[in-house]
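Visitor: Sharing a structure here in structure tokens format.
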Amino acid sequence: MDVDILLSLVLAFFGWAAIYFLTSRLSFGKRARLPPGPYPFPVIGNIFQLGQNPNQSLTKLAKTYGPLMSLKLGSNTTVVVSSPAVAREVLQKNDQVFSSRIIPHAAEAHAHHKYSMVWLQVSGLWRNLRKISKEHMFAAQRLDASEGLRQEKLQELHDYLVRCSTSNKAVNFGQTAFTTSLNFISSTFFSVDFAAYGSDSSQEFKDIVWRILKSYSTPNVADYFPVLKFMDPQGILQKNTFLFSKMFDIFDNIINERLMMRGSLDTSKKNDLLEALLNHSANNESEFSLNELKHMLLDLFLGGTETTSTTLEWAMAELLRNPEKLERVRAELHQVIGEKEIIHESDISRLPYLQAIVKETFRLHPIVPLLIPHKAEADVEINGYTVPKNSQILINVWASGRDSGTWLDPETFSPERFLHSEIDMKGRHFELIPFGAGRRICPGLPLAYRTLHTMLATCIHNFDWKLKDGMKPEDIDMEEKYGLTLQLAVPLNVIPVKL
């Protein structure tokens with residue numbers, strides 16, 4: 001296309017967009033009162049005010065405009081919630097109206113948004129998938145039955161760290177935790193390990209997961225201006241189509257191999273989640289197809305690996321910076337489980353300080369700082385303002401966790417604040433909702449609760465930790481790397497010392 005023609009088309013589009021933006025803003029102002037917020041620039045709105053770390057930028061803006069704030073991101077109205085009280089209004093009192101999702105263009109790869117528990121609108125299919133996940137994956141009885149597999153993975157983690165300790169080898173703590181999380185899930189689902197410690201395959205899988213999660217949070221012109229979706233201007237949909245294909249190829253190979261085994265004379269039978277889901281699919285193919293199974297597996301691997309490992313890395317970084325708290329939880333572990341190397345999941349309830357450390361880590365470092373965006377299905381009045389239909393709702397749990405009106409010394413890592421508190425992470429106490437709340441709460445919370453506590457306990461109870469090159473604990477870089485998940489910008493490399 002001739003450059004002059006292309007330039008004219010671009011100018012014409014943005015001229016039209018500017019007129020549309022201004023007139024729509026004025027017309028809406030006549031019929032509804034939006035929550036306060038920074039005045040938007042023509043066309044682009046407040047996009048550039050998000051910065052490199054939107055959770056931090058939005059928290060600063062909320063100090064000026066309040067806990068219920070509106071912005072214009074391109075052509076989309078976005079409402080940001082930054083306090084526990086307003087979060088309760090949205091996710092509890094008005095849960096039904098706000099239970100839908102804003103679909104990022106990145107999630108449309110392989111039509112994932114049409115089959116995903118994460119992105120589906122509340123519907124019969126969504127309810128069926130939630131029911132399957134609850135009954136076949138995360139029910140207490142099924143998790144109890146598969147604890148032996150997780151115990152094996154904890155022992156493998158322990159043995160790997162012993163080898164590193166013997167050779168005085170530093171480990172990338174987040175990468176090590178990721179490998180354990182990945183094998184937790186793959187062994188529970190497929191009876192196989194996807195990775196070995198220190199292997200390239202583990203890093204490759206982690207890179208794929210991170211790139212997909214990053215695509216969901218990368219500012220995307222196609223999301224800000226949906227009329228441009230057909231162009232995929234940043235190539236995000238194309239990249240995700242490739243990444244999803246790699247994940248689906250892995251799942252296809254495993255599923256096909258299992259189906260061949262089931263159809264052969266092989267009498268050996270796996271007692272894992274895949275077997276249960278294949279049985280359910282065979283008996284209810286109209287309700288749960290193999291295609292839906294693959295999309296469900298994609299959600300589970302994305303949601304259950306990076307989130308767990310990143311939370312553990314934040315927890316260990318905070319404990320190394322606060323050695324007196326590390327010693328306190330180690331003493332608790334020694335008192336409760338004694339000389340055992342591996343903690344049992346039934347021990348967690350007897351370890352209140354360990355639980356407090358996990359809660360405090362989530363308070364300061366929520367793994368999904370803005371949760372997954374919600375969508376308003378109708379105009380709703382909250383705190384005297386109108387949240388308009390089809391607007392995007394962001395719940396800034398990072399801001400809620402650092403709210404001085406809710407927490408004493410909010411910037412200080414202090415697990416003690418939870419020792420005599422009824423606050424839990426199950427979506428009932430809006431001061432701490434790292435897994436969300438309401439009907440959209442993360443279905444994997446029961447498994448995450450078990451794995452986080454047992455993995456952290458294994459690392460603390462059996463090992464001391466020292467930093468490389470004489471680095472002091474106070475020198476650990478706690479800067480954030482923003483994505484759909486919130487990571488340490490500089491990976492934590494530490495040397496285990498066997499106790």
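Quick reminder: no glycine exception, Cβ is built from N, Cα and C everywhere.
The following feature annotations were taken from Swiss-Prot:
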type	residues	note
TRANSMEM	3-23	transmembrane segment
CARBOHYD	N55	N-linked glycosylation site
CARBOHYD	N76	N-linked glycosylation site
CARBOHYD	N279	N-linked glycosylation site
CARBOHYD	N284	N-linked glycosylation site
BINDING	C442	heme binding site
Visitor: Using a 10 Å cut-off, grab the number of neighbouring Cβ atoms around the Cβ of N279 (N-linked glycosylation site), all chains included.
Guide: 12
Visitor: Which Cβ among the glycosylation sites (N55, N76, N284) has the fewest C-beta neighbours inside 10 Å?
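Guide: Each of the glycosylation sites N55, N76, N284 was scored by Cβ atoms within 10 Å; lowest is N284.
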Visitor: If I restrict to non-local contacts, at least six residues apart, and a C-beta distance under 8 angstroms, what lies near the residue listed as 'heme binding site' in its own chain?
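Guide: G303, F435, G436, A448 - these are the non-local Cβ neighbours of the residue listed as 'heme binding site', listed in sequence order.
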Visitor: Please report the Cα separation of N279 (N-linked glycosylation site) and N55 (N-linked glycosylation site) in Å, rounded to an integer.
Guide: 43
Visitor: Cα-Cα, whole number of Å: N55 (N-linked glycosylation site) versus N76 (N-linked glycosylation site)?
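Guide: It is 18 Å, counting Cα to Cα.
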Visitor: Whole-number Å distance between the CA of N284 (N-linked glycosylation site) and the CA of N76 (N-linked glycosylation site)?
Guide: 39
Visitor: Going by DSSP, give the three-state secondary structure for N284 (N-linked glycosylation site).
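Guide: For N284 (N-linked glycosylation site) - judged by DSSP and reduced to three states - the answer is coil.
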